[in-house]
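Chemist: Below you'll find the structure I mean.
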Amino acid sequence: MMESGVPICHTCGEQVGQNANHELFVACHECNFPMCKNCFEYEIKEGRKVCLRCGSPYNENLLDEVQGKAPGNESTMASHLNNSQDVGIHARHISSVSTVDSEMNDEYGNPIWKNRVESWKDKKNKKKKHAPKPEKEPAEIPPEQQMEEKPFADAAEPLSVVIPISRNKLTPYRAVIIMRLIILGLFFHYRLTNPVDSAYGLWLTSVICEIWFAFSWVLDQFPKWSPIDRETFIDRLSARYEREGEPNQLAAVDFFVSTVDPLKEPPLITANTVLSILALDYPVDKVSCYVSDDGAAMLTFESLAETAEFARKWVPFCKKFSIEPRAPEFYFSQKIDYLKDKVQPSFVKERRAMKRDYEEYKVRVNALVAKAQKTPEEGWTMQDGTPWPGNNTRDHPGMIQVFLGNTGACDIEGNELPRLVYVSREKRPGYQHHKKAGAENALVRVSAVLTNAPYILNLDCDHYVNNSKAVREAMCILMDPQVGRDVCFVQFPQRFDGIDKSDRYANRNVVFFDVNMKGLDGIQGPVYVGTGCVFNRQALYGYGPPTLPSLPKNSSSSSCFSCCCPSKKKPTKDPAEVYRDAKREDLNAAIFNLTEIENYDEHERSMLISQMSFEKTFGLSSVFIESTLMENGGVPESVNPSTLIKEAIHVISCSYEEKTEWGKEIGWIYGSVTEDILSGFKMHCRGWRSIYCMPLRPAFKGSAPINLSDRLHQVLRWALGSVEIFLSRHCPLWYGYGGGRLKWLQRLAYINTIVYPFTSLPLIAYCTLPAICLITGKFIIPTLSNLASMLFLGLFISIIVTAILELRWSGVSIEDLWRNEQFWVIGGVSAHLFAVFQGFLKMLAGIDTNFTVTAKAADDTAFGELYIVKWTTVLIPPTTLIILNLVGVVAGFSDALNKGYEAWGPLFGKVFFAFWVIFHLYPFLKGLMGRQNRTPTIVVLWSVLLASVFSLVWVKINPFVNTVDSSALAQTCISIDC
């Protein structure tokens, strides 16, 4: 495939072929999805007239061109797959490499290299003997084989489809966006050509702020230009990969669960997450759960042992009665009719017994927590009397314990259970451990050695599986041959439990997950948000997608909007060379020149990558390196488990990542506390795309900090990570232009994710302006003419209509939109402001900020944490703004009372903006006051406001006695006719 430079069809595996102009055939000019002529014609005949990847309509004029078939390009799928393995330019495509041999030989990799070369030579010789020459003798398909493949093609329906948003909803939305851009242009023309001379400083500040707000709106709005929905078909997935009488062909999945401090992240919450994973509706031999204990706590270890024992009862109960959700704490706390749809007579009896067992399990875990509150002076000891290796959390060896799986532990009915593995990586003084990103990378290596599933799903310890079929939903995309080959990850939306009904601090982030992420799915895919994400393991290893389709010559102009570096003026390179260069850049590894091997030409030497280059990239572990070459994953059954455990301990040592590409080009990327955004950005720059999956039943649910202080600190951490990315070499403003693989709208979305904290500077200035105008009596807007009034009215109407139409196609409620708007102001003038200063301090002075883990436990009372006030410096700026605007309102009213009737007109505009600030900060004020002895906050607010008004009015007008102006009195006296 790569010798000819022609990409292969994602549907049938054949070459895409050429059109009538002898150029590369392209079915969809929006995303250049590789599809051959035959498959394109089949799609049109079946009535599917939109692209499966991006949802754009096909150009039906291509039908005439598709009718002319080129028989020279036809070949069977099997022979094409063999050819792709023979001439694959990267060693990871060679599937015959054995990890058994690597285990039985020395660690320097010589036998591995020998096996790799020998297997490659066998394939090369076999190809020379048996492969037909397509340019001279086209491969002919026997009629019998054609008849056998045709029914299979008819049955191979897509596992997921794109559902474009209705034109009736999307067209008005786009029209209003364009109209709003035009109105913004006229608005800024008026503002710049009509300065306010009496308040020039205030006017200039307001115009600068308004320009930045318009720029932020463009960054936020245009990535939502083409939102889409998706539908998955789990039944088709089962029909294709779970046929009766045949081995189950569903792909294996490794789950990652991360925890640090068991006192702030209670073991019971982590245990519920683990139990929901073990009870998934998925083949047990395809599921492995790895729990990363980055705090090396014996409490976590012992609670996980209790969890493994309880899982022997809980898992068969869930699968027998199709329980949802399969986290016991949340299942038993549901206030629903649990008998609905449960017809088994034994259900009630078994449910009561299971609830009793769970209560006993909770007692045991809580006893462990109570015991762990006070650490003994000599440290913790295990049951055999030996000291716990993790007594010193900053200096301890790596620890791995397999609780379930190959250990022989089965459930109470004798069925096999998924594998459960406890992992605590090595910690030593003097080493940089990179917090969560380092822990996730350690899990990548451990899982590759022990199970090596081709897909990885990572969850926070407080995010449990709410939909037992969630993994099947993801597999409908990742295992779909039409879509999944170039997908680096499938992101699920975050949903939360335990949030107050009004969602005071916008914890649900509904606007982001239901609006922004749908828009990104229509471009190159959603961003990675840190949890609830299923990864393609090969994407984490720094590889590019298997197929990088090249653009035809005549479509270079039409692709300028979708690619970052259009190559109009540059000579086009051969696609094979582009692909090869991309691999070299992605791996940052040298091609080994095999000059000492005879009978190999220069091209054959360039096909082989040395063991040394792999070690520089992945580290000194031959077992792990071999696992990276197995694109479909898996570990040989004949491998000694004890040997693998020993190798797994080696790959989590604190010195393993030294002088490698871990955290730089592969795995979770270091350099920011928001490693999720950075890691996803690197994958998209390599040419991968991501998919957003929103099943009707939420896939995962978690807990969120609901009190004001914890919420602001969470937002501060996210904003600081964005500032760190902005100040790093990975800033989307200048990174990733080389290959032109990041689309322009996708780049705008990433730019928006790293510049939004800087909006805090103009926002805090803009929120201060109303108070200054009220106190000084000046205003930032001159006297409006009729035309200017219409312009301002049109701007406000366009803002409102844009929001209404956005709600219409997204399904978000107006309350969620208002809460999001309120917290945008609250977070902007507090957490985002501190993040900007801390980011620059870290860059200029090297002062790092250590963040504490947000507590995941709540009070026993409903929403108990909502009313807790933890005073921090983050609360100072919004508190100051509230007081300032309240004082400004009082001063404005008192001044109007003193000046008379003519002063009330200008006062209206000033007070309107002041109340705009107060209304946006009202949830902050409510959270700041807490319960106030159950006194309604609105009463307290208006009491303070009215008391201030009357007090200042009394002082201002000097007990309602006007000051006598002597000059005015003299003029009056002269005019009197005596």
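Positions of Cβ are set from backbone N, Cα and C atoms, glycine also.
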Chemist: Of 123-147, 373-397, which span is tagged region 'Disordered' by TrEMBL?
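Modeler: From TrEMBL, the annotated region 'Disordered' range turns out to be 123-147.
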Chemist: Compute the average pLDDT of the predicted model within the domain 'Cellulose synthase RING-type zinc finger' (7-60).
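Modeler: Here the predicted model's pLDDT, averaged over the domain 'Cellulose synthase RING-type zinc finger' (7-60), is 71.
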Chemist: How many neighbouring Cβ atoms, not counting its own, are there within 10 Å of the Cβ of Lys435 (UDP-alpha-D-glucose binding site)?
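Modeler: A count of 16.
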Chemist: By CA distance, which of the recorded positions (Lys436, Asp460, Asp676) lies nearest to Ser258 (UDP-alpha-D-glucose binding site)?
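Modeler: Smallest Cα separation from Ser258 (UDP-alpha-D-glucose binding site) among Lys436, Asp460, Asp676: Asp460.
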Chemist: Which whole-number value in Å describes the distance between the Cα atoms of Asp294 (UDP-alpha-D-glucose binding site) and Lys436 (Mn(2+) binding site)?
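Modeler: Asp294 (UDP-alpha-D-glucose binding site) to Lys436 (Mn(2+) binding site), Cα-Cα distance: 8 Å.
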Chemist: If you measure from the Cα of Lys264 (UDP-alpha-D-glucose binding site), which of the recorded positions Lys436, Asp460, Asp676 is the nearest?
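Modeler: Result: the closest of the recorded positions to Lys264 (UDP-alpha-D-glucose binding site) is Asp460.
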Chemist: Which Cβ among the binding-site residues (Lys264, Lys436) has the fewest C-beta neighbours inside 10 Å?
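Modeler: Taking Lys264, Lys436 as the binding-site residues, the minimal 10 Å Cβ count falls on Lys264.
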Chemist: Can you give me the Cα-Cα distance between Lys435 (UDP-alpha-D-glucose binding site) and Asp460 (Mn(2+) binding site) in Å, rounded to a whole number?
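Modeler: Per the Cα atoms, Lys435 (UDP-alpha-D-glucose binding site) and Asp460 (Mn(2+) binding site) stand 14 Å apart.
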Chemist: How big is the Cα-to-Cα gap, in Å, between Asp676 (active site) and Asp460 (Mn(2+) binding site)?
Modeler: 12
